[in-house]
Amino acid sequence: MRQRTPFARPGLLASAALALVLGPLAASAQEQVAPPKDPAAALEDHKTRTDNRYEPSLDNLAQQDVAAPGAPEGVSALSDAQYNEANKIYFERCAGCHGVLRKGATGKALTPDLTRDLGFDYLQSFITYGSPAGMPNWGTSGELSAEQVDLMANYLLLDPAAPPEFGMKEMRESWKVHVAPEDRPTQQENDWDLENLFSVTLRDAGQIALIDGATYEIKSVLDTGYAVHISRLSASGRYLFVIGRDGKVNMIDLWMKEPTTVAEIKIGSEARSIETSKMEGWEDKYAIAGAYWPPQYVIMDGETLEPKKIQSTRGMTYDEQEYHPEPRVAAILASHYRPEFIVNVKETGKILLVDYTDLDNLKTTEISAERFLHDGGLDGSHRYFITAANARNKLVVIDTKEGKLVAIEDTGGQTPHPGRGANFVHPTFGPVWATSHMGDDSVALIGTDPEGHPDNAWKILDSFPALGGGSLFIKTHPNSQYLYVDATLNPEAEISGSVAVFDIKAMTGDGSDPEFKTLPIAEWAGITEGQPRVVQGEFNKDGTEVWFSVWNGKDQESALVVVDDKTLELKHVIKDERLVTPTGKFNVYNTMTDTY
């Protein structure tokens, strides 16, 4: 285990086209700013920035028109058109760090009481040059024109516009049941192998593709919300739930002769997460979805998506005990041990265990964890929930059987982004769960077996380098001896187009770094235009093949590449004009059973 070299690249991920991941990355809440002495000094001070980069995360709020507020004395007024342009830029590029209401998140607050003291010239310089502490150099990188920089400096001197709330009235107005439960099949009407079906996000098309895991045939393409973030399965495997970044939920009945959306609802303006009840006796009973804006979650009927209970997540931060107006809902999982949903609340640093047995008398266990909670998954026993507080480089462990915090561990890396993580049995350490990192090239292993390996439980046991920084997902399967790590957001095309593969059986645990094999996935896809990025390995049901998305621009060719897990050789390339910006892939069986 050695100290890793941070991963840094000015201007990386500035484009909203790369907004795949959930939530902000910049750790600039601790940034101390001072007005630059002169332009040359400012350029020198701000020419680079840290690996904790901003990631656009509120791209749908950017589409809402709002009226420009009045300007106070000494501040230039903006027309409605100018204000809406600035609002669009802010929500696409700034709100993920600085908050919807500009009250700060991982980035500093930008409310007028603060920005007016700094003044137009300072704001203009800071937006132009950025800072080493995480603020992107929007001007010198070319992401914003000089005119847009001036516009944004002026915009920050005005009062922020609050997006509309989204309550029961709005949800019920959006709620549609296309096929009533009594009109649906009583048994599977198609001959699809549903357990080996893949739901593939076609991000910029606002669709998903359903692909046969054996024949690689695209069985169907269905319209959904914009930029589907995840697909989740009901406990029975019958219903597929998908949620778009625009807050739209589609419920798809896979038993129908032609699987189709049987119910839909919109739960907010920005959203990322959905899950269904899995506790024995409660299978398929409820679904839950969480929103970024408004900050809330809603519990819905599992057969119709009828909204039953909306709960706001606004409240006090766990550490400073200060009120936060917009703590976003990040990952949601269903407990296998209790009739509870596990809800990550990002900015307050709280994990909520929501008991769904009595919605009229809702009981919630609130666990103080760590701020900026993002994604995570269950260990191999399904008892323990391990989640990343990415801006604080921590892993949090929750015992879902006892409903208690178990541990908080620093990963030793920068900005962990595990997806749902990877469970495997290490030759030396026993059962472990792994995460890769966005901010550096490291992979960290935490012990997960308090009974069989108590000395290793809930400790970071090893850290070793993979291909490079910018990883989004790490993956293995119980039937595989390999661990796959992508580097999707790395600026180097050769790295972002490849994956690292580690032989688990060859891991020694003696402090030496395990070797890895590089698979040139993008090269295998035969795509020559753009800079296709390889993202998220997903296994088939049996763990004999692993699929990767080769993600390119909306108007460029993309593909899916299938790798033979035994030989690590190319097995198949899926290309089709309907595969527009494929990103996340979700095998029905693995998703239904939390196999990862």
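One is the number of the first residue shown, and numbering goes on along the chain from there.
Each Cβ is built from the backbone N, Cα and C atoms, and glycine gets one as well.
What Swiss-Prot says about this protein:
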type    : residues                                                                                     : note
BINDING : His46, Cys94, Cys97, His98, Lys108, Tyr122                                                   : heme c binding site
BINDING : Tyr54, Ser57, Trp138, Arg203, His229, Arg232, Arg245, Arg272, Tyr292, Arg420, Gln536, Thr583 : heme d1 binding site
DOMAIN  : 77-162                                                                                       : domain 'Cytochrome c'
REGION  : 30-76                                                                                        : region 'N-terminal tail'
REGION  : 163-596                                                                                      : region 'D1-heme domain'
SIGNAL  : 1-29                                                                                         : signal peptide
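For the binding-site residues Tyr122, Trp138, Tyr292, the ranking by surrounding Cβ atoms (within 10 Å, all protein chains) places Tyr292 first. Cys97 (heme c binding site) falls within a helix when secondary structure is assigned with DSSP.
The two recorded residues, His98 (heme c binding site) and Gln536 (heme d1 binding site), show a Cα separation of 28 Å.
Most Cβ neighbours within 10 Å among the binding-site residues His98, Lys108, His229, Arg245: this distinction goes to His98. When the binding-site residues Cys94, Cys97 are scored by other C-beta atoms within 10 Å, Cys97 scores highest.
Over all protein chains present, the Cβ of Gln536 (heme d1 binding site) has 25 other Cβ atoms lying within 10 Å. Here the CA atom of Cys94 (heme c binding site) lies 17 Å from the CA atom of Arg245 (heme d1 binding site). The shortest Cα-Cα distance from Lys108 (heme c binding site) to any of the binding-site residues (His229, Tyr292, Gln536) is found for Tyr292. With respect to their backbone Cα atoms, Tyr122 (heme c binding site) and Tyr292 (heme d1 binding site) stand 30 Å from each other.
Rounded to the nearest whole angstrom, the C-alpha distance between Cys94 (heme c binding site) and Trp138 (heme d1 binding site) is 10. Here the Cα atom of Gln536 (heme d1 binding site) is found 24 Å from that of Cys97 (heme c binding site).
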